[in-house]
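What Swiss-Prot annotates here:
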type     : residues : note
TRANSMEM : 7-29     : transmembrane segment
TRANSMEM : 33-50    : transmembrane segment
TRANSMEM : 90-112   : transmembrane segment
TRANSMEM : 122-141  : transmembrane segment
TRANSMEM : 154-176  : transmembrane segment
TRANSMEM : 186-208  : transmembrane segment
TRANSMEM : 215-237  : transmembrane segment
TRANSMEM : 262-281  : transmembrane segment
TRANSMEM : 293-312  : transmembrane segment
TRANSMEM : 322-344  : transmembrane segment
Amino acid sequence: MAYRFQGFLYGILFLAFFSLLSLFISATLTPFLSPLIIGILLGAALSPFYPKLNQHYDIQAGITFGAKKLLRLGIILYGSYITLGEIATLGLNGFLISLFIVAGVFIAAIFIGKMLKLDNEISLLVGIGSAVCGAAAILALESTLKTHPSKSSVALGFIVIFGLIGMILLPAIYYANILPLNDYQWGIFIGASLHEVANVVGAAAISPESQNVAIIVKMTRVVLLVPLLLIISYIIFKLNQKRVQNDTNIPNGDTHAKQNALYIPYFAFGFLGVIVLNSFIDFPPVVVESTQFASKICLVFAMVALGLQIDWQKFISFGAKTFALALILFIILMFGTYGLVYIMF
């Protein structure tokens, strides 16, 4: 028992070291990259050594704790970045454009993934990462679907690439004065189209008005993660039920009942609860900032743990089609969002 706890502790300390390193690199060397992204890159670089590390130090329990428990806690605490009052300032059109983007891009990912004959789970992961909020959304859906880390990693890889492209491309277009948009409209455009919160903050620095609006639009998309996760869970449950009814070879019993049970992502309600608390209780700034930092730490832990568990053979096998899906969704995001902004604002 003591040996197993020691292995668990080694796993947590391992994640802590590389999580703190990710935060340091992000803050000093690469401020344009989220520490979450740096975390998964460090984990991925170390993944070939993970089997031997686990064999010698039995760190699996600590790594699993980081990848699952701390992930969910991080998503719950992520609600501290958002208030309902900020979302309300956008008005109906601001909410609708976020809703159209999230729903449209996610549905497009499902159909385009089928056309490309891509793995269903990867299509969903790339779809939610593009539609909602990049890494955090992919991690939340991974926890709901219980997918293999390699699938999440390949989805994250291409979301990072196109998020960075968008972060560079949109300010370049703004300064070239190509599109007939004012700063407010640019804020809507950037907030509704880019993948990561960090991408939005970086790209929207073109003006104070654009940045304020862009962040609120982005957080509105983040809030829509909750109903989307619940809808996905319910649809998967119904599809599993239908599959079981059509397959007479599947045995009945407790094990089967568990496999076919409706999974409710309770952490999504926790996320929503923190948003509500943050909206109606005037917490001291130190409490809000500490909660936000705790969320970031938990999510970086999860990203390092996820990167460690990458199966590179699977990662490579999913590569080309996943790139194609992420590219098509990026084009849809750019042109679709611009069209909606032009029409609605």
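These residue numbers are counts, starting from 1, taken along the chain as shown.
For all residues, glycine too, the Cβ spot is worked out from N, Cα and C.
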Non-local residues, at least 6 beyond the ends, that sit with Cβ under 8 Å of the transmembrane segment (215-237): 78, 81-82, 86-87, 89-90, 94-95, 97-99, 101-102, 106, 124, 128, 131-133, 136-137, 140-141, 144-145, 187-188, 190-192, 194, 197, 200-201, 204, 260-265, 268-269, 271-272, 275
Recorded stretches the transmembrane segment (90-112) and the transmembrane segment (7-29) touching, at least 3 CB pairs under 8 Å: no
Contact check, the transmembrane segment (322-344) vs the transmembrane segment (122-141), 3+ Cβ pairs under 8 Å, seq sep 6+: yes
Leading contact stretch, 33-50, 122-141, 154-176 vs the transmembrane segment (293-312) - CB distance under 8 Å: 33-50
Folded-back contacts onto the transmembrane segment (154-176), same chain, C-beta under 8 angstroms, at least six residues removed: 32-33, 37, 40, 122, 125-126, 129-130, 134-135, 138, 186, 189-190, 193-196, 198-199, 202-203, 205-206, 306, 314-315, 318-319, 322-323, 325-327, 329-330, 333-334
Same-chain residues at least 6 beyond the ends of the transmembrane segment (122-141) whose Cβ lies under 8 Å from its Cβ atoms: 34, 36-37, 40, 71, 74-75, 78, 101-106, 108-110, 112-114, 147, 151-152, 154-156, 158-160, 162-163, 195-197, 199, 218, 221-222, 224-225, 228-229, 232, 265, 267-268, 299, 302-303, 306, 318, 322, 325-326, 329-330, 333
